[in-house]
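Take a look at the structure set out below.
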Amino acid sequence: YMSGFGNEHVSEDPRCPGALPEGQNNPQVCPYGLYAEQLSGSAFTCPRPTNKRSWLYRILPSVCHKPFKPLEEGHLTHDWDEIEPDPNQLRWKPFEIPKAPQNKMDFVSGLHTLCGAGEPRGRNGIAVHIFVCNTSMIDRCLYNSDGDFLIVPQQGKLLITTEFGKMLVEPNEICVIQQGMRFSVEVFGETRGYILEVYGAHFELPDLGPIGANGLANPRDFLVPVAWYEDRQVPGGYTVISKYQGKLFAAQQDYSPFNVVAWHGNYTPYKYHLEKFMVINAVAFDHADPSIFTVLTAKTTRAGVALADFVIFPPRWGVANNTFRPPYYHRNCMSEFMGLIKGHYEAKEEGFQPGGGSLHSMMTPHGPDADCFEKASKARLEPERVADGTMAFMFESSLSLAVTKWGLQTSNRLDKNYYKCWEPLKSHFNPKCK
């Protein structure tokens, strides 16, 4: 891997030294008889700090394929009106992984949309997907014409082959496959995880403000794959799948798309290990807002308002004096989807399980369950480790998210007793005792 977030990277497969043209992007004849192809992640005229593009030098250009034809989407959708809105606090039990070989399912066929908002044609919105799979993608790849995928594996590792090279992504790591990048996923057994899709913006590191120059997710800890190519003919047909305007389409070609011998640019896939996050926390009193745990953000045009934030709750020390230390009770103008990679989330140690999730919609109240409140209210306030062995995360958005029919009904994983975790909360009010 090469390190650095948003850097200008240069890479060529060592089997073909000198494959990168020198001094220009598009020579009349490229080294080794390669084709030059630019992949643009922004408008040509974007200001330099936001201009994203990479040049790929490949054995055949990606234009060599048969026409795209519609492909069955399964449970992938961007229809936010298929079922009536539900403002309730929602929690899902761990999503079920199909058993092989009775029901073989790869990454694409295992995509299930849980909730979302906005519209990919208008380039403004997000979607939350669950992926469950038990077999690798064989002679087929996917690219997302609508936006970026932030992939959070929860069970099982992913070997992701991209046009830029390979990435091994394990639980407690994340990766981002940006708009238009072709990739294929190999798995090693029953595999499950979460995806945050954004269309209309790319992920970036949050501004640090008074924190200063260092902290949270440090740029050098993001890893980019190195060039790797295969010159492989596929007489039986290689399937290239495009997610376009919320639908899936498939085209056939007779060669592997992972035929990029060299590339350079700042528009790449990348991965990050969540254990490298430098936690900022309150060290005197009160409870800092969860925005201090933001790893990546996709901004809107409104200052300080995110289309989507990716936030984690990693192991850390709790030291605040005279403070109720777990998350406070809260109503929010944002939508909050939470997932659990491993361990026990501090505010709900029972019921919220790895591989499941919860959604607290816009202005729907939420907070610690009754058991957590009672324990934290009586706890001796001394330095303590919080969330050891645990990694919870949140997809937060300024959009009001609609839940799909699969999420509310078909998945059969909705916990209909979730609301009961707050029922034991009782009044401690005593007007005679200040």
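Cβ atoms here come from the backbone N, Cα and C positions, even for glycine.
Since the structure is predicted, the reported quantities are computational estimates derived from the model, not experimental observations.
As annotated in TrEMBL, region 'Disordered' covers the listed stretch 1-22 rather than the other ranges in 1-22, 67-88, 353-374. Report note: the Fe cation site is defined by His330, Glu336, His366, and the residues of the same chain whose CB lies within 8 Å of the CB centroid of those residues, excluding them, are Pro327, Arg331, Asn332, His360, Thr364, Pro365, Gly367. If you average pLDDT over the domain 'Homogentisate 1,2-dioxygenase N-terminal' (1-274) in this model, you get 96. Within the group of recorded positions (His287, His330, His366), the Cβ with the highest number of other Cβ atoms inside 10 Å belongs to His366.
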